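> Structure below; questions to follow.
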Amino acid sequence: MNNVEKKIKKIISKILNIKVEKILNNASFLDDLSADSLDIVELIMAIEEEFDIEISDEDAEKLNTVQKSIDYINNKNKK
């Protein structure tokens, strides 16, 4: 598990009150982790703050799984 993955899973764990070990990379925030729309907004804001980036609304809509969020941050960090 790389640093980005650890940080994102820690954020998810805190906001959704789920143990980090139970968060799978292919998990959907809505379907698998039972997040609602407010949780998603909170997750996006926490990720933006943690990684000091801004995520557009268009991009935020695409970040619907743990892995997509990890990939997004990894790609942002490469730029």
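Even glycines carry a Cβ here, placed using N, Cα and C.
Features from Swiss-Prot:
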- 1-77: domain 'Carrier' (DOMAIN)
- Ser37: O-(pantetheine 4'-phosphoryl)serine (MOD_RES)
> May I ask you to report the DSSP-based helix, strand or coil state of Ser37 (O-(pantetheine 4'-phosphoryl)serine)?
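Where Ser37 (O-(pantetheine 4'-phosphoryl)serine) sits, the three-state DSSP reduction gives helix.
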> Would you mind listing, in sequence order, the residues at least six apart from Ser37 (O-(pantetheine 4'-phosphoryl)serine) in the same chain with a Cβ closer than 8 Å to its Cβ?
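Counting only residues 6 or more apart in sequence, Ser37 (O-(pantetheine 4'-phosphoryl)serine) has no Cβ neighbour under 8 Å.
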> Limited to the domain 'Carrier' (1-77), I'd like the whole-number average of pLDDT.
96
